[in-house]
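Features of the protein shown, as given by Swiss-Prot:
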REGION    1-38  region 'Disordered'
MOD_RES   A2  N-acetylalanine
TRANSMEM  60-80  transmembrane segment
TRANSMEM  98-118  transmembrane segment
TRANSMEM  126-146  transmembrane segment
TRANSMEM  160-180  transmembrane segment
TRANSMEM  187-207  transmembrane segment
TRANSMEM  218-238  transmembrane segment
TRANSMEM  278-298  transmembrane segment
TRANSMEM  323-343  transmembrane segment
TRANSMEM  357-377  transmembrane segment
TRANSMEM  381-401  transmembrane segment
TRANSMEM  421-441  transmembrane segment
TRANSMEM  465-485  transmembrane segment
MOD_RES   S518  phosphoserine
Amino acid sequence: MAGSDTAPFLSQADDPDDGPAPGHPGLPGPMGNPKSGELEVPDCEGLQRITGLSRGHSTLIVVVLCYINLLNYMDRFTVAGVLTDIEQFFNIGDGSTGLIQTVFISSYMVLAPVFGYLGDRYNRKYLMCGGIAFWSLVTLGSSFIPREHFWLLLLTRGLVGVGEASYSTIAPTLIADLFVADQRSRMLSIFYFAIPVGSGLGYIAGSKVKDVAGDWHWALRVTPGLGVLAVLLLFLVVQEPPRGAVERHSGSPPLSPTSWWADLKALARNPSFVLSSLGFTSVAFVTGSLALWAPAFLLRSRVVLGETPPCLPGDSCSSSDSLIFGLITCLTGVLGVGLGVEISRRLRRFNPRADPLVCAAGLLGSAPFLFLALACARGSIVATYIFIFIGETLLSMNWAIVADILLYVVIPTRRSTAEAFQIVLSHLLGDAGSPYLIGLISDRLRRSWPPSFLSEFRALQFSLMLCAFVGALGGAAFLGTAMFIEDDRRRAQLHVQGLLHESGPSDDRIVVPQRGRSTRVPVSSVLI
C-alpha cells in the first residue's frame, strides 16, 4: 500500500521522471516541486502581460482603492466621534444610540450578498462607482434631519450600507486579480491600513469639525465631498483585470462562474473559510463595540475621576476622548496590521499554517489587555489608554491576514461571494448587534442602581467586559482554521490550474491537462 500511494498518477507519458508540461509550472505543495509550496509567481513582465496593466498602474489602482476604503471607515466612525452630542440632540438613551450602528451594519449585511453575486459576474468598477455615489448623497442628507425625526436618521444610516456593501465585497478581489503571493499580501496590508487609519480619522474629524463649526451636523458633511472625488478616481484610474488570470497556468482554461447555489455549497464545505470567518466575527464584535462605546466610556471615566465636567442636556460635550481614541486607533491599526503581515510572512517560511496561528495569537493576546483596560478605568485613565493601545494593536493583526486567507482558499470566481458572506456572518453575529447589545446591557444594569454618574460608568464598564470573552472565542476559531488551511489552499490551487473540477454536488474529479505528463502524486494529498 505504501508503494501505491506514491505511484505515477494520471500518467499520459511513458517516462515517469518527466517534469511538468511546458506552460505548467510545478503543482502546488506535494503535487509539484517538493522544495516549494507556492505557485510560481509571474515576474513584472508576466503580470503586465496577463493583466494588461503596468506595475505602476496596478499599484495606483490599489492606492485609489485604499483611499476609498479609508473614506468608508472615516464616515462610519465620524458618527461615533459625535455620539454623545447625537444622544443629547435627539434625547435618546444608550439602547437607542446603539441602534445607529446596528441599523447601518444590518443594511450592509443584507446588501453584501447582492453585490457579492454581482461582483463575480459583472464589471466591478461600475458597481463600485454607483454604490459610492449613492452613499455620498445619503450621507449628506443625513446631516439635515431635525431633532424630532430620529427614525429618519436611522433610515439614512441604513441606506449608507449600500455604498459599503458595493465596495467591501469587490475591492479585495480586484487586488487579488492584480497581484499574487507575497506581492498580494503586501498590497492587502496597504489596503487594510485604511481601516484603522480611516476609523481614527473619523473620530478626529467628527470631534474637530464639530468644535470648529459649533454644530455636530457639519461633521457628517465632510465625507460626501470626498466621496465625489472617489467616484471620479474610480472612473478614471481603475480598470477591470481578468478574474483569476494571474493564478492560472498559461495552458489552463479560464474558470467559468457557477450557479449561486453551487457557490454557497462549495463555501460551506470549505472549513478554512468557515472557521476563519467565525474568528473574524469575534474581531468584528469587539471592534464594533469599542468603536461606538469607547469614547463615551472614557468620558464617563473622566467624569467619575473628576477630570472633566459631566455632559448635560444643552451643553457641548467634551471631545478630547474622541480625539485621543482616534489617534490610538490610527496608530494601533498601522502598527498591528504591519506587525501581523510581517510576522506571518516570516513564519510562513517554516510553518504553512502561520496565517491562522498569528490571527489566533492576536485575539487571545488582546483579550486580557482589553479586560485590564476596563478594570483600570476607575483608578487611572492613563493605564486604561495604555492597555487599550496594546489590546487594539494585537486585535489589528488580523485584518490583512484574514483577507489573504480568504483569497487563497477560495477560487477567483467565488471570491466576491465569499467576501459577501464573510461580511454577513461577521456582522450578523458581530458588530451588527454588539453595539446595541452593549447599550442594552448597560441600560438594564443602570436601572438596577440608584441614578448617578458612577452608575452610568459602572454599567457601561461591566457590559463592555463581554468583549474580552468573545475575543478568546475568536482565537479558538483561528486555531481550528490552522487544522485545515493546507488542504483547502491546495484544493483551491488545483481548481485554478484546471487539475481539479467539480463533477457533482459533493465529489471532485481529477482531470488530466491537455499536455499532461507523467507526474508522481501522493494520493493522500489529492483525495482530501
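Backbone N, Cα and C define each Cβ position, glycine as well.
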Are there at least 3 C-beta pairs under 8 angstroms linking the transmembrane segment (160-180) and the transmembrane segment (278-298), leaving out pairs fewer than 6 apart in sequence? no
Tertiary contacts of the transmembrane segment (187-207), defined by C-beta under 8 angstroms and 6+ residue spacing from its ends, are 59, 62-63, 65-67, 69-82, 171-172, 175, 178-179, 216, 219, 222, 291, 295, 319, 322-323, 325-334, 336-338, 341, 392, 396, 399-400, 403-404, 407
Spatial neighbours of the transmembrane segment (323-343) far in sequence, C-beta under 8 Å, 6+ residues away: 77, 81, 185-186, 188-189, 192-193, 195-197, 199-204, 207-208, 294-295, 298, 354, 358-359, 362, 385, 388-389, 392-401
Report the listed stretch (60-80, 126-146, 357-377, 465-485) having the maximum count of Cβ pairs within less than 8 Å of the transmembrane segment (218-238). 126-146
Residues from the same chain, set at least six apart from the ends of the transmembrane segment (60-80), whose C-beta lies under 8 A from its own: 53, 86, 100-101, 104, 128, 132, 135, 139, 157, 160, 163-164, 167-168, 171, 174-175, 178, 187, 190-203, 205-206, 219-220, 222-223, 226-227, 230, 233-234, 237-239, 291-292, 295, 322, 326, 329
